[in-house]
Amino acid sequence: MNTQILILATSAFFYVRADKICLGHHAVSNGTKVDTLTEKGIEVVNATETVEQTNIPKICSKGKQTVDLGQCGLLGTVIGPPQCDQFLEFSANLIVERREGNDICYPGKFDNEETLRQILRKSGGIKKENMGFTYTGVRTNGETSACRRSRSSFYAEMKWLLSSTDNGIFPQMTKSYKNTKKVPALITWGIHHSGSTTEQTRLYGSGNKLITVWSSKYQQSFVPNPGPRPQINGQSGRIDFHWLMLDPNDTVTFSFNGAFIAPDRASFLRGKSLGIQSDAQLDNNCEGECYHIGGTIISNLPFQNINSRTIGKCPRYVKQKSLMLATGMKNVPEAPAHKQLTHHMRKKRGLFGAIAGFIENGWEGLIDGWYGYKHQNAQGEGTAADYKSTQSAINQITGKLNRLIEKTNQQFELIDNEFNEIEKQIGNVINWTRDSIIEVWSYNAEFLVAVENQHTIDLTDSEMNKLYEKVRRQLRENAEEDGNGCFEIFHQCDNDCMASIRNNTYDHKKYRKEAIQNRIQIDAVKLSSGYKDIILWFSFGASCFLFLAIAMGLVFICIKNGNMRCTICI
């Protein structure tokens, strides 16, 4: 009998320290905080920034046909002031305008300036075709000191038509041009507003002046308005330039009797390009696709916080300076006690800790994968990553950044220049609209990242649960869960046995008999906390009942012997 008790006690002692296999996940001592739909500041193992803040303070022009207009304004390439002589015809896929650039020489302005500027920025350059206009009875060599080359001159692409003699009669004229090309033609003309009525009479003769322009889609009449104005470049007169896009096979007709600045050549757009206003230096050693006034944004990120006004293939501008995208699982740093694997922690929390609700701590040493196993048996302790579950999670997380980029990237146009009086109202609307769009996209960006982060954390927890269920289904009744991500195995499980559990090749039938015997032996000597509680409550109840019975018996004896009297009053 004594021998049996000794053997049973020895067995109980051995299997309290039974072989174990635990499941866990990778952790780091210092993770990165991200926001999800339901919670802010969740720490994850890995995360990547989605907002670009690094600016290249140069115009990266490598691989591009770049035209730096310098002192020439972009609109000047159409009419031809002296500073634009080398850009009357050009080809480019990147057009750079400088702050010093000027569109005109004789003072004046363009009608619908910003619309024309946007057209030319995207033009890919321009080429010209002579319109074939000839004139009789007038002078075609009007010039001004405001447009100097070696001497007084005029716009290279325009003709300043004057009376044949000072104060002479300017004949009524009609000129037409048909666009025989397969692409639209840009037609530009001017209306001269003299500095005084006397000057207008000297240049174009007496009488009222009227200029009418029409095509199939356009009709407009202009009346010059002579009068004194502040002098600019020594001139008190002004020239207002007007333009239209003439469709193929359409004809434009000009009817005039003076004060008309006639077009000499029609302009044709070459293709496609980007145009940027910037004083940043050109750099042919770097490549870029996104530009702004301060330089180039080179980034594969979906968002940027550098400039709200950009052109090209650019990240979306958002107000946030940082939006972290989770690319790893929720981080639960390993507790110091788990690093030491003390006997106390083994007994209280299981061997290695855990995550995902039932696993309390991660493993900082698990560097080969996101998920893995740790085991303890007679041969010692070991750690191994689970590559299949790791790869499954990585495959689903990879591409999150690219998907964000696909949802957000598009070409943007830069509208950030001077507006005339009417266009200032449009400009205010554009600026208000842009600000509203920024607000919306800042919210959208935060929402998109939060959704992806929520999905990542839920996904990685799900993979952990799948791995746990795979082990539980293999072991069945051969092991018992300890509630901390570990399984206490009721048979001897060497390293090969542990490997079979990890590889999903474990044969529970092979160890079933040994496991059942050991489970019975353990249950015979080890009471669970539930049974202990039941016995304690039963014992307490029995003691109370016995005490009450003794007390009642004593009272009954005392009353019977007359030692105690009970009086009931009504």
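Residue numbers in this text run from 1 along the chain shown.
Using N, Cα and C of the backbone, Cβ positions are placed for all residues, glycine too.
As annotated by Swiss-Prot, disulfide bond applies to Cys60-Cys286 (among others). Long-range neighbours of Cys60 (disulfide bond) (same chain, six or more residues apart, CB within less than 8 Å of its CB): Asp283, Cys286, Glu287, Gly288, Thr296, Ile298.
The disulfide bond annotation in Swiss-Prot covers Cys72-Cys84 (among others), and the record cites sequence analysis as its basis. Other C-beta atoms found within 10 angstroms of the C-beta of Cys72 (disulfide bond) number 25, with every protein chain shown included.
Among the features that Swiss-Prot reports, disulfide bond is placed at Cys105-Cys147 (among others). Here Cys147 (disulfide bond) comes close to Pro81, Pro82, Cys105, Tyr106, Ser153, Phe154, Tyr155: these same-chain residues lie at least six apart in sequence, with C-beta atoms under 8 angstroms from its C-beta.
According to Swiss-Prot, the feature disulfide bond maps to Cys290-Cys314 (among others), an assignment based on sequence analysis. Following the DSSP three-state reduction, the secondary structure of Cys314 (disulfide bond) is strand.
Summarising the annotation, Swiss-Prot assigns disulfide bond to Cys493-Cys497 (among others). Long-range Cβ contacts of Cys497 (disulfide bond) within its own chain (separation 6+, distance under 8 Å): Asn377, Tyr506, Tyr511.
There are 7 other CB atoms within 10 A of the CB of Asn30 (N-linked glycosylation site), with all protein chains counted. Reduced to three states, the DSSP call for Asn30 (N-linked glycosylation site) is coil. Per Swiss-Prot, N-linked glycosylation site is recorded for Asn30 (among others).
Sequence-distant neighbours of Asn46 (N-linked glycosylation site): residues of the same chain at least 6 apart with a C-beta under 8 Å from its C-beta are Thr32, Ala326, Thr327, Gly328. The N-linked glycosylation site annotation in Swiss-Prot covers Asn46 (among others).
Per Swiss-Prot, the feature N-linked glycosylation site maps to Asn249 (among others); the stated evidence is sequence analysis. Shown in sequence order, Lys178, Asn179, Thr180 are the residues of the chain, 6+ apart in sequence, with a C-beta less than 8 angstroms from the C-beta of Asn249 (N-linked glycosylation site). Under DSSP, Asn249 (N-linked glycosylation site) is assigned to coil, being neither helix nor strand in the three-state scheme.
Look at Swiss-Prot and you will find Asn431 (among others) tagged as N-linked glycosylation site, backed by sequence analysis.
Cβ-based neighbour count (10 Å, all protein chains) for Asn503 (N-linked glycosylation site) stands at 12. In the three-state DSSP scheme, Asn503 (N-linked glycosylation site) falls into the coil class. For Asn503 (among others), the entry in Swiss-Prot reads N-linked glycosylation site.
Taken from Swiss-Prot, the feature S-palmitoyl cysteine applies to Cys566 (among others).
For Cys569 (among others), the entry in Swiss-Prot reads S-palmitoyl cysteine.
Here Swiss-Prot flags 1-18 as signal peptide.
The topological domain 'Cytoplasmic' annotation in Swiss-Prot covers 555-570.
Look at Swiss-Prot and you will find 534-554 tagged as transmembrane segment.
On the 0 to 100 pLDDT scale, the model's mean across the topological domain 'Cytoplasmic' (555-570) is 65. Put simply, Cys290 (disulfide bond) is 23 Å from Cys72 (disulfide bond) when counted between their Cα atoms. Long-range C-beta contacts of Cys493 (disulfide bond), restricted to its own chain and to partners at least six residues apart, with a cutoff below 8 Å, comprise Asp19, Ile21, His375, Asn377, Ile501, Tyr511. Counting neighbouring Cβ atoms within 10 Å of each of the disulfide-bonded residues (Cys286, Cys290), the lowest count belongs to Cys286. Cys290 (disulfide bond) and Cys84 (disulfide bond) are 27 Å apart (CA-CA, integer value). Among the recorded positions Asn30, Cys290, Cys314, the residue whose Cα lies closest in space to that of Asn503 (N-linked glycosylation site) is Asn30. Listed disulfide-bonded residues: Cys84, Cys105, Cys314; maximum Cβ neighbour count within 10 Å falls on Cys84.
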